[in-house]
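According to TrEMBL, the features are:
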TRANSMEM  25-48  transmembrane segment
DOMAIN    41-290  domain 'G-protein coupled receptors family 1 profile'
TRANSMEM  60-78  transmembrane segment
TRANSMEM  98-120  transmembrane segment
TRANSMEM  197-219  transmembrane segment
TRANSMEM  240-261  transmembrane segment
TRANSMEM  273-292  transmembrane segment
Amino acid sequence: MGTNNQTWVSEFILLGLSSDWNTQVSLFVLFLVMYMVTMLGNCLIVLLIRLDSRLHTPMYFFLTNLSLVDVSYATSIVPQLLAHFLAEHKAIPLQSCAAQLFFSLALGGIEFVLLAVMAYDRYVAVCDPLQYSAIMHGALCARLAITSWFSGSINSLVQTAITFQLPMCTNKFIDHISCELLAVVRMACVDTSSNEVAIMVSSIVLLMTPFCLVLLSYIRIISTIVKIQSTEGRKKAFHTCASHLTVVALCYGLAIFTYIQPHSSLSVLQEKLFSLFYAILTPMLNPMIYSLRNKEVKGAWQKLSWKFSGLTSKLAT
């Protein structure tokens, strides 16, 4: 009977970032603005790619997927975080906690695989430009995107099922901003070494394997760029990859710090900050990185703004 009382927990309490009311209100305003900017930026990128036929290429097809992942990932965490900033009782039901863990873990995994796919796309564009259209045809792009979504979702389903089969302690307090994998596993009343091994294995498969593929792609890309004779040609080839390389550094860097090194080497506050950065700042920065460093996107923005200005003038007259 005692075991059942320990096993079946109906809700968890998320301790979040601060218990001070004024600090929570300030954080609510800050993260609400950042979330709105994230939603607006990524939705505009998707809309822009849909409306401008010049952006109907494999690179922007994958960028559309990345923007959808970013919006979904932020939405799986930030609204609940905002609600808890203004709530006295910061509870999350068991089912909601499991759902949040599943979606955040799935979307994170999808992003890692998608970034590796985008690195392959850049590799083909730089190293074999004449065959680019023949290699990166529509059917292959669709298969690569489906593989990204499928692999991330399957990994998350397995991890979530394993985690929530653990008997939970009567202590319901999760010292985190969300139902993050490591934070939930620590709530178990039993030895979790097998779960930690499973987390490490999935991190290697879904994080380090794509990361190694990205590294290999960029080693080949850099070796090709170095062989280009003209300075202008080298510059153009580098700018083709600059945006993607910046996003890779942000996403993989944070994830490796969080999941690959032993969790004992990170403080709870560091884990919270890494999760927060990945949930809010990275999705907010991605569309800015691709917009500010990309001439094609800048041109599409200008074209769209001219169309909008012309439409506004017509309506005014």
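Placed from the backbone N, Cα and C atoms, the Cβ positions cover glycine too.
For the transmembrane segment (197-219), same-chain residues at least 6 beyond its ends with a Cβ under 8 Å from one of its own Cβ atoms are 109, 112-113, 115-116, 119-120, 122-123, 151-152, 155, 158-159, 162, 181-182, 185, 241, 245, 248, 252, 255-256, 259-260. Panel annotation: around the transmembrane segment (273-292), residues 17, 31, 34-35, 37-38, 41-42, 44-45, 63, 66-67, 70-71, 73-74, 77-78, 81, 104, 108, 176-178, 180, 243, 246-247, 250-251, 254-255, 257-258, 266, 298, 301 of the same chain, lying at least six beyond its termini, place a Cβ under 8 Å from a Cβ of the stretch. The list of residues near the transmembrane segment (60-78) in space but at least 6 beyond its ends in sequence, with Cβ under 8 angstroms from a Cβ of it, reads 31, 35, 38-39, 42-43, 45-46, 49-50, 100, 103-104, 107-108, 110-111, 114-115, 117-118, 121, 141, 144-145, 148-149, 177-178, 247, 275, 279-280, 282-284, 286-287, 290.
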